[in-house]
Amino acid sequence: MSILNKKYLISTVVVFFSISIYCLWSSSEVKCISHPNTSYTYIIVGAGTAGCVLASRLSENPHNRVLLIEAGGNFNMYANIPSMFIFLQKSKYDWLYESVSQEWSSFGFKQKKQSLPRGRGLGGSGEMNCLIYSGVRKGTLNDNLIDFIRGSGCPHCNYLDHLIPPQNQSYVKCRPNFQFHVERSKTKLADITKKAVRELRESSVTYHQVLSSIFKGERWSTYRSHLLQAMGRPNLHILCNTEVSKILFENENAVGLRYEGGTTIYSEKEIIISAGSINTPKLLLKSGIGSKTELDKMGISTTVNLPGVGLNLHDHLAMPLYVHIQAPLSVTVQKMLNLREIFKYMMYKEGLYASSSVAGIVQSSRNYIIVFGGATPETPFSTAANYLPQTFKTLFPFSNSYSKEGVVILVGCRKPKSRGFVKLNTDNEINIDPQYFQNKDDINCIQEGIKLAFEIVNTASFRNIGASIHLPELEQCNYTKSSHNEKYLECIIRTCALTNYHQAGTCIMGKRNDRLSVVDNYFRVHNLKGLRIVDGSVIPKPLNNFPNTAVAVIAEYAATLFT
């Protein structure tokens, strides 16, 4: 090992040790129960973004006895630190899901499988995402979900259109005791991106200042905004490290749940499934709710024949492009290991550790471009993404450098058309097939986005910092490297594009006569009583923006429906 590598190894150990000691001293945890009651008014399965909201809201009424069941426990201290989210992936806090081998994409990934990180613990994926906050303003949910909800004559829905904070405000208040805290990106790279978009002078291309779910230097998820605030209520119990195996029914009524060891627990009013877009259909299918044809194959007795359970899986996929720069504007490993940075975070909750490193978002009518100002060291990024080592090194040519300045642009399609599914396999476990790029239009869409990225990087604003996009030379792509070569672009997209972790749509909201529909506009599962689904699985089509905020808002709305 070289002297330089030894120096960085020592620095890394010091940094992680310092952060660990500090976080252990400053962190707060939810207290979980060991022995739940035999029955509750409401039982919520899944303490993710939606589940935390529902547990807090339903327990506001002291007459409601609420049980929140979560398969994991408290996240470790790194979940608090905005820059450390990547270290939670491929850990015990991740469900460790992977897609099946992909037919039309992921050629540069191990076994052609995408990693699909999902948070396993209190706060769910909201504790391990990259913290981008997207306001749910009118038109954002143009998949008709909000219009469909409003069809119920909901008097509480006005706040759904007003979740963008004013320029001089760092939070959004949509209910008397509910605030979204956000932090605006104020980096030089963000300013450069904004100026570059102005230089294009294209009305259809807009720059969006990044809003991050950060409050006083720490992650601000619904775990913190809702669940922690509800702790101490005697009518709220939280059962951790417990995976529900089956929903129990009497005729058409959902009456209880069974979990590990065969233990049963009963609901007096309703059961709410908020387990996410993978685990919600998984639990429904295991409980006999789904396509009778598929359930018969698995030897599962059908409770309700709902063919849409597990279908319509949608996700955003993005093509990463490395951008060389010749200015000290990016977040490098060398800067992160500087002891002054760790001191700045420990003392003031400021600096690189207090940021998600996302500098800006550019949107056109069809595309989005995320400018990520952070380094991409091979460990942990390659491992988390499941790239083949050679693919990763070709994509990110300086991944082994601690000090090289560079940024990453992620180019995606706002409204992808490909649809996949979640199904049980013969082992009664889950197969996840997103069928990425099954629809060729998604390729065309990202190709357009790459060309837009080149236009942005070719502006004077980016040229002034010596910016140039690196096009990878991949074994699989034996074409002339050029942003104008459609065959080359299609090949690198099908080889390298990776998930943005926005899986949704597997138990959609819709009318009863819609074959894919699973719940109505009150989130009630069709043809059953006492069972609702409230999470991202009810969203019929991909959102224009990032879904975590939308899921929180949907849960806020759903909480108003319980009486």
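Backbone N, Cα and C define each Cβ position, glycine as well.
Annotated FAD binding site per TrEMBL: VAL244, GLY536, in sequence order. Look at TrEMBL and you will find 276-290 tagged as domain 'Glucose-methanol-choline oxidoreductase N-terminal'. Per TrEMBL, the feature transmembrane segment maps to 7-27, 39-58.
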**Prompt:** Sequence-remote contacts (6 or more beyond its ends) of the transmembrane segment (39-58), Cβ cut-off under 8 Å?
**Reply:** 64-71, 119, 121-126, 221-223, 225-227, 229-230, 236-238, 244, 256-257, 265-276, 279-280, 283, 534-536, 548, 551-552, 554-556, 558-559, 562
**Message:** Can you break down the domain 'Glucose-methanol-choline oxidoreductase N-terminal' (276-290) into helix, strand and coil residue counts using DSSP?
**Reply:** 11 helix, 2 strand, 2 coil
**Request:** Report the same-chain neighbours of VAL244 (FAD binding site): residues 6+ apart in sequence with Cβ closer than 8 Å to its Cβ, ordered by sequence.
**Result:** VAL45, ILE69, ALA71, LEU257, ARG258, TYR259, ALA275, LEU283
**Asked** Using a Cβ-Cβ cut-off under 8 angstroms and a sequence gap of six or more, which residues of the chain neighbour GLY536 (FAD binding site)?
**Response** THR49, ALA50, GLY276, SER277, GLN503, ALA504, GLY505, PRO547, ALA550, VAL551
**Asked** If you average pLDDT over the domain 'Glucose-methanol-choline oxidoreductase N-terminal' (276-290), what do you get?
**Response** 98
